[in-house]
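In Swiss-Prot this protein carries:
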ACT_SITE  SER179  active site, nucleophile
BINDING   ALA66, GLY67, PHE68, ASP69, LYS70, THR90, ASN143, ASN176, LYS212, THR240, GLY264, GLY293, TYR314, THR315  FMN binding site
BINDING   LYS70, ASN115, ARG116, MET117, GLY118, PHE119, ASN176, ASN181, ASN241, THR242  substrate binding site
Amino acid sequence: MYAALRKAFFLVPPERIHTWVFAGLRAATTAEPVRRRLARRLAPHDPILASTVFGTRFPGPLGLAAGFDKDGIGVHAWGALGFGYAEVGTVTAQAQPGNPAPRLFRLPADRALLNRMGFNNHGAGALAVQLTRTSSDVPIGVNIGKTKVTPPEHAAEDYAESARLLGPLAAYLVVNVSSPNTPGLRDLQSVESLRPILSAVLAETSTPVLVKIAPDLADQDIDEIADLAVELGLAGIVATNTTISRAGLATPGVDALGPGGISGPPVARRALEVLRRLYARVGDRLVLISVGGIETADDAWERIVSGASLLQGYTGFVYGGGLWAKDINDGLAARLRGHGFSGLAEAVGSAAR
């Protein structure tokens with residue numbers, strides 16, 4: 001059924017249909033009786049899927065990745081739609097419009113998206129107000145980025161301001177230094193640049209702090225960031241963001257679309273490689289959140305047994321529809337029982353042991 005609906009959706013420009021569908025999801029879940037009925041059908045209720053991470057109970061491991069709900073206006077909806085948590089943002093200390101449109105594109109032959117949104121958001125202060133006013137049935141993480149006009153030498157203060165405003169309201173914070181759509185942002189992934197940023201954020205909040213990294217980093221850089229995260233006492237790493245690589249794409253005319261990051265199956269292989277490398281490096285000293293190209297329960301299971309405590313998806317939701325999260329949750333529960341695990345935490349990293 002969703003395949004036919006998706007065909008209709010894909011006749012509309014991507015950013016416009018995102019706005020319409022997102023508004024529809026929010027409206028449909030505003031009334032508590034409707035939200036409860038949806039949650040009974042879609043939410044992860046099976047106790048085998050639940051785990052405690054950062055001292056917070058997550059009813060299921062699959063969360064909505066940052067980028068879908070940038071300003072936290074849909075936090076009431078995500079639990080009822082099957083997600084065990086959601087990460088809002090990316091938000092910046094100052095409001096900004098992002099890059100000019102068009103800035104979001106479909107790559108249908110690859111079941112992928114290309115975006116160069118540029119951290120369009122209403123600012124950390126507005127998100128803080130929104131989170132104060134709105135309740136959620138599931139944990140809400142917040143992804144923070146650098147304001148575009150802030151020079152790199154003042155990046156630490158910029159991130160720290162967002163952490164100050166949002167830390168008390170978030171289950172966890174993610175420092176995003178890996179989007180390809182803000183000029184110079186990925187340069188902040190070098191250990192020399194990253195150390196003062198992470199230190200400033202950690203000094204500003206007691207909320208668990210993670211860093212989100214790019215799939216395009218060299219293996220040595222991944223190792224250095226992992227070591228820095230352990231040294232500074234970060235809670236974990238989110239791996240990975242979108243890729244700038246165009247290798248192996250089946251959709252014609254991608255180069256004509258211009259720059260941007262690609263999400264979905266084209267990043268899956270590298271995201272899994274990075275996850276495995278990180279787990280081999282840090283083991284259970286850091287929480288690893290795996291994102292990038294997760295489409296099926298098999299994909300999700302492979303990430304769990306490779307070391308991910310939590311998972312995220314966005315592009316899979318776009319292509320998979322409203323039952324996508326439920327299907328993955330049901331598949332994970334079946335695999336956990338089939339392999340003799342009594343809970344999700346037992347399976348994390350089991351393929352590496």
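Just so you know, glycine gets a Cβ as well, placed from its N, Cα and C.
Each residue in GLY67, THR90, GLY98, SER179, PRO180, THR182, GLY261 lies on the same chain as LYS70, ASN115, ARG116, MET117, GLY118, PHE119, ASN176, ASN181, ASN241, THR242 and has a C-beta within 8 Å of the C-beta centroid of that substrate site, without being one of the site residues.
The binding-site residues listed here (ALA66, PHE68, ASN143, GLY264, TYR314) include no residue with a Cα within 10 A of the Cα of GLY118 (substrate binding site). Around GLY264 (FMN binding site), the same-chain residues six or more apart in sequence whose CB sits under 8 Å from its CB are LEU107, ASP110, ARG111, ALA112, LEU113, GLY293, GLU295, THR315, GLY316, TYR319, listed in sequence order. For the pair SER179 (active site, nucleophile) and ASN241 (substrate binding site), the Cα-Cα distance reads 7 Å. A gap of 11 Å separates the Cα atoms of TYR314 (FMN binding site) and ASN241 (substrate binding site). The two recorded residues PHE68 (FMN binding site) and ARG116 (substrate binding site) have their Cα atoms spaced 13 Å from each other. Counting Cβ atoms from all protein chains shown, SER179 (active site, nucleophile) has 25 others lying within 10 Å of its own Cβ. For ASN143 (FMN binding site), the same-chain residues 6+ apart in sequence whose C-beta sits under 8 angstroms from its C-beta are ALA66, GLU87, VAL88, GLY89, THR90, VAL91, LEU173, VAL174, ASN176, LYS212. For ARG116 (substrate binding site), the same-chain residues 6+ apart in sequence whose C-beta sits under 8 angstroms from its C-beta are ASN99, ARG103, LEU104, PRO180, ASN181, GLY258, PRO259, GLY260, GLY261.
ASN241 (substrate binding site) sits 15 Å from LYS70 (FMN binding site), taking the CA atoms of both as reference points. Listed in sequence order, VAL88, GLY89, THR90, VAL91, ASN120, ASN121 are the same-chain residues at least 6 apart in sequence whose CB falls under 8 Å from the CB of LYS70 (FMN binding site).
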